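To start, the structure under review is shown below, and the notes come after it.
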Amino acid sequence: MARKRKPPSSQGDPRRYDPDFQGPTAKRTCTDVLCCLIFLLFILGYVLLGLLAWAHGDPRKMAYPTDSQGHFCGQKGTPNENKTVLFYFNIFRCTSPSMMLRLQCSTTQICVSRCPERFLTYLDMQFLNKEDKNYWEYYRQFCKAKAKPVETLRDLLISGDCPLAVYPSRPFLQRCIPDLSALNGTWTPGSRMKFEDGSGQTRTMLEFREAANGISDLINARTIGLKLLEDYATSWKWILIGLTVAMALSWTFLILLRFTAGFLFWFFIFGVLGIIGYGIWYCFLEYSSIQQRPQSTFWMYGFGIQRRVNMFFHLKETWFSMMIILSAIEIIIIIVLIFLRTRIQVAIILLQEGSKAISYLPSALIYPVLTFILLSICISYWAVTAVFLATSGVPIFKVMVPAGQCIYEDETCDPEIFPYTNIPKDCPGASCNFAFYGGRSMYHNYILTFQVYNLFAFLWLINFVIALGQCALAGAFASYYWAMKKPDDIPPYPLFTAFGRAVRYHTGSLAFGSLILASVQMFKVIVEYLDRRLKKAQNSAAQFLHCCLQCCFWCLEKMVKFLNRNAYIMIALYGKNFCESTRDAFYLLMRNILKVTVTDEVTYFVLLLGKVLVSGIVGVLAFLLFTERLQIIVDGPTTLNYYWVPFLTLVFGSYMIAHGFFSVYSMCVETIFICFLEDLERNEGSPSRPYFVTPALMNILLEQGKIKKQ
């Protein structure tokens, strides 16, 4: 009888014993060449896009305010060099609903050297000017350059050369904002409660505040940006010191893991629980303190987010909410520890094995610096290109009508010939104002497409840099594992060799994997963009769909990242293309699914606690410093607008630094584990086919009952 063939397994066939296999394959060929060529062409196109944006863009358009003629205020070498402030002819038009759509007030705007200091209408100026000519000299500085005195208000409305009235204002981010002074709780300009705006209409303080808020909403982001820059300029030395402390702590923890993994594991746990407990205690103190004050709950309103942020930390609800959130995190960590208590010993042994590998390959701890440099280059290039693309083009002028009832509204116009057209006659009050920077050329028509290209290229390059690091580290740690006599059998310069192999042979495969991940992330960005566009509609079905898509893409991204990491390990080991490596890694994990659940969950959780502990220690020190509670340091920053800005920067920066160091550790543990699974399938522990795994790791897994001898 013929012998029946065994059907192929749905989980793939186990590895067979190969006496010649001694770690990462030396003889390789280039993989995924087509994807490599596409990737290189894509980078070339990205470079050309950057040069094109550099040639057409002008970042000054974001730094200087622009008048209605499209000229910069305060720019050196121009007639507006000494006119650094933007003045609005009719600030009440900034309350128009269409203003937020155009991001521009539908009123004439000119550059002036100073803001008005008194309330004065044009008619009052005419009357007073008969006795004192200085009134016209004062008023004309808020008019157009060619303005001349007119006799009637009708002539003034037709010419549009001067505002109907000027109000006491103060410069705010190079804009003249009405000076609203609080007198006995009532908002008043100067000392008037109601007044005429020069056109016969009576205005109230509420209208004034709405107009000021309208302008504030337009420039709010730039306001916060400047204040943030000021805070960074004040505290940058302390931020660098804090990041250095985070780097030293991360390095110290990695070294200590080699000798005291068990002790450090419990130190991570109790350290994180202690820091969160301190946060709960501090939030409770602030909550109790504010609760004893009268009027601790109030409605927040004012000029943009600056006022709201300042009030935010004076609300008892703020501290109560943060206390609840921290308490929930504390409880979740304790529950997770209870469920994972039986697997902690496995994680400790894996951490010790990872520490041994890193001690033999100390250059692995320096590799995050290279990753940081490459990521910084990618982020900087993306940001600069985005700014230059956003500021490309020439000034575009459009017809703006305050009433919004004109057939010519939003049509392009030329400010030089606009007064001689029929538009001012057909639409009284219409003006030809600067709207935005753009153009009608092919380049300007594709600005949005270029921005999308810029974002996708950024995501692709970021993921490629991370993939390159993972593949290089995997190759180095695989060389360590498959050395029978450590460190004698470890090849020289394993990290440098693995990095060279990855770049020379597997650029296409790494680009392929990073392309898949970048595509998923791009879809997430598109979903978020659509959600922001649909939020105002308050459509329940659309919101439900968004939540479902967001959840699906989040799960998909996590799954792709997990498969990519293991695929890069297989690429580093065998040098196959991305699809074959992904298939082999997936089958290997599926054949050993129980062992995967033992290691990954606990090990990653321990490393996460280490990152949180590093950022938490630096965060507590930063909080004490920036709130002047650290009495040891007397020269700390004391003039910060928002102390939480450098504080959050330090916490986030410390976490990213710790993530950079601990990601090396994570890749080390994952590579050792994949190699361990390969080792179990290739060998049997006999003298002729010995295991490469260390006895400590083998014994702990045997004790857990996860490995059964063949």
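Cβ atoms are placed via backbone N, Cα and C, with glycine included.
Among the features that Swiss-Prot reports, N-linked glycosylation site is placed at Asn82 (among others). Sequence-distant neighbours of Asn82 (N-linked glycosylation site) (same chain, six or more apart, CB under 8 Å from its CB) are Gly74, Ser113, listed in sequence order.
The N-linked glycosylation site annotation in Swiss-Prot covers Asn184 (among others).
Annotation source Swiss-Prot lists region 'Disordered' at 1-21.
Taken from Swiss-Prot, the feature topological domain 'Cytoplasmic' applies to 1-32 (among others), supported by sequence analysis.
Marked as topological domain 'Extracellular' by Swiss-Prot on the basis of sequence analysis: 54-236 (among others). In the predicted model, the topological domain 'Extracellular' (54-236) shows an average pLDDT of 69.
The feature topological domain 'Extracellular' is assigned by Swiss-Prot to 282-319 (among others), with sequence analysis given as support.
Per Swiss-Prot, topological domain 'Cytoplasmic' is recorded for 341-345 (among others).
The topological domain 'Cytoplasmic' annotation in Swiss-Prot covers 390-454 (among others), and the record cites sequence analysis as its basis.
Sequence annotations record features per position, and here Swiss-Prot assigns topological domain 'Extracellular' to 476-509 (among others). Residues 21-24, 28-37, 39, 356-357, 360-361, 363-364, 367, 468, 569, 571-573, 575, 577-578, 581, 667-668, 671-672, 675-676, 679, 690, 692 of the same chain lie 6+ residues outside the topological domain 'Extracellular' (476-509) yet bring a C-beta within less than 8 angstroms of a C-beta in it.
Annotated topological domain 'Cytoplasmic' per Swiss-Prot: 531-604 (among others), in sequence order.
Here Swiss-Prot flags 626-643 (among others) as topological domain 'Extracellular', drawing on sequence analysis.
According to Swiss-Prot, the topological domain 'Cytoplasmic' annotation covers 665-710 (among others), on the basis of sequence analysis.
Residues or ranges marked as transmembrane segment by Swiss-Prot on the basis of sequence analysis: 33-53 (among others).
The annotation transmembrane segment is assigned in Swiss-Prot to 237-257 (among others).
Here Swiss-Prot flags 261-281 (among others) as transmembrane segment.
For the transmembrane segment (320-340), the list of distant contacts is 269, 272-273, 276-277, 279-280, 283-284, 287, 601-602, 605, 609: same-chain residues at least six beyond its ends, Cβ to Cβ under 8 Å. What Swiss-Prot lists as transmembrane segment is 320-340 (among others), and the listing cites sequence analysis.
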Other than its close neighbours in sequence, what residues sit by the transmembrane segment (510-530), given a CB gap under 8 Å and a spacing of at least six beyond its ends?
32, 35-36, 38-39, 455-456, 459-460, 462-464, 466-468, 471, 502, 546, 549-550, 553-554, 556-557, 560-561, 564, 567-568, 571, 577-578, 582
Can you work out which residues elsewhere in the same chain, 6+ from the ends of the transmembrane segment (346-366), have a Cβ less than 8 Å from its Cβ atoms?
251, 254, 257-259, 261-262, 265, 473, 476-477, 480-481, 486-487, 490, 494-496, 598-599, 602-603, 605-606, 661, 664-665, 668-669, 672-673, 694, 696-697, 700-701, 704
Hey, does the transmembrane segment (33-53) touch the transmembrane segment (644-664), meaning at least 3 C-beta pairs closer than 8 angstroms, sequence gap 6 or more?
no
What three-state secondary structure does DSSP assign to Asn82 (N-linked glycosylation site)?
coil
